[in-house]
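Per TrEMBL, the features are:
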type	residues	note
DOMAIN	4-242	domain 'Aspartate/glutamate/uridylate kinase'
SITE	Lys8	site 'Transition state stabilizer'
BINDING	Gly40, Gly41, Arg62, Asn157	substrate binding site
SITE	Lys223	site 'Transition state stabilizer'
Amino acid sequence: MEKLSIIKIGGNIIEDEASLNAFLKLFSNLEGKKILVHGGGKRATHIASKLGIESKMVNGRRITDAETLEVITMVYGGLVNKNVVAKLQAMGTDAIGLTGADINSIQSDKRPVKEIDFGFVGDVKKVANNSIDKLIKADFTPVFCAITHDGKGQLLNTNADTITSTIAVGMSELYDTSIYYCFELNGVLQDFDDKDSVIKHIDSKTYQQLLKDEVISDGMIPKLDNCFDALHNGVQKVHIGNTSMLTKENELFTTITL
Ligand SMILES: Nc1ncnc2c1ncn2[C@@H]1O[C@H](COP(=O)(O)OP(=O)(O)O)[C@@H](O)[C@H]1O
Ligand SMILES: CC(=O)N[C@@H](CCC(=O)OP(=O)(O)O)C(=O)O
């Protein structure tokens, strides 16, 4: 099978113009078939606050009422996505920006209300791998933002890490698929105060121990859950690290296996 890399960039990279440009240069030069997924949670929180809208997060997920959905649609689907696409075009990569509604690429169900009502948040149901593959085969580079739809006209907010793992699972029917979660740190850290204390390898067993020892917290827990979901469902390899892990020179990052 041909190789496909799915690369996700976190909100802190997007916030820093120099880091974003450096990452996009690496991404642009990366050989082989590739898909980019971006978040932008920080930017959404910032712009919402300028509009007088308070952001509420529960378990790392944004409570998305109708007003917040308008903000995230403008920020993820517009501002961030189109800037990234324009920068990639300037670097010679024929990028196409997408939400999950475009070419019906990612359908989701509105999250059912249990203890918490997350509002317009979607849990991914179906990835149109063959439609996405048409773009890839035509030599376009898809750039996805953190928005899906329910197929009935409703846009839904969906965490970018989850979008990454579910696209990767869908595409693994067609390609030998690897995920690269790029963020501002060098990888999953043993000691949060020592930025070089990267845990080079995590498997299901060591993950349970890390949880028990409270070495990982916050956004890292759903990120790792997404990694294991992907590995259980056909994805070959998952990596977490800073953007330079996309180069052959950097060997300091975390690899996740089952
Ligand atoms: N052991 C750990 N190593 C690295 N990051 C950790 C660890 N435990 C918690 N984290 C937190 O997880 C965050 C990454 O998750 P998240 O904010 O969802 O990422 P992203 O920037 O990719 O959206 C880091 O910024 C860090 O604050
Ligand atoms: C439902 C939900 O929480 N969606 C996320 C989507 C953005 C995202 O995931 O951005 P980062 O990768 O930059 O965190 C949010 O609105 O914050």
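Backbone N, Cα and C define each Cβ position, glycine as well.
Because TrEMBL annotations are produced automatically, they should be read as predictions rather than curated entries.
Sequence features annotated in TrEMBL and their locations in the structure.
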{"residue": "Lys8", "record": "site 'Transition state stabilizer'", "Cβ contacts under 8 Å, 6 or more apart": "Leu36, Val37, His38, Gly39, Ala160, Asp161, Thr164, Ile179, Tyr180, Tyr181, Cys182"}
{"residue": "Gly40", "record": "substrate binding site", "Cβ contacts under 8 Å, 6 or more apart": "Gly11, Ile14, Val75, Tyr76, Leu79, Val80, Cys145, Ala146, Ala160"}
{"residue": "Gly41", "record": "substrate binding site", "Cβ contacts under 8 Å, 6 or more apart": "Gly11, Arg62, Ala146, Ala160"}
{"residue": "Asn157", "record": "substrate binding site", "Cβ contacts under 8 Å, 6 or more apart": "Arg62, Thr64, Thr68, Leu69, Ile72, Phe120, Val121, Gly122, Ala146, Ile147"}
{"residue": "Lys223", "record": "site 'Transition state stabilizer'", "Cβ contacts under 8 Å, 6 or more apart": "Asp161, Tyr181, Ile240"}
Exercise. Tell me the Cβ neighbour count for Arg62 (substrate binding site), meaning other Cβ atoms within 10 Å of its Cβ, over all protein chains shown.
Key: 24
Quiz item: Should we count any of the recorded positions Gly40, Arg62, Lys223 as near ligand 1, judged by a CB under 6 A from one of its atoms, and which?
Solution: Lys223
Quiz item: Any idea of the Cα spread of the substrate site, Gly40, Gly41, Arg62, Asn157, as a max distance in Å?
Solution: 12
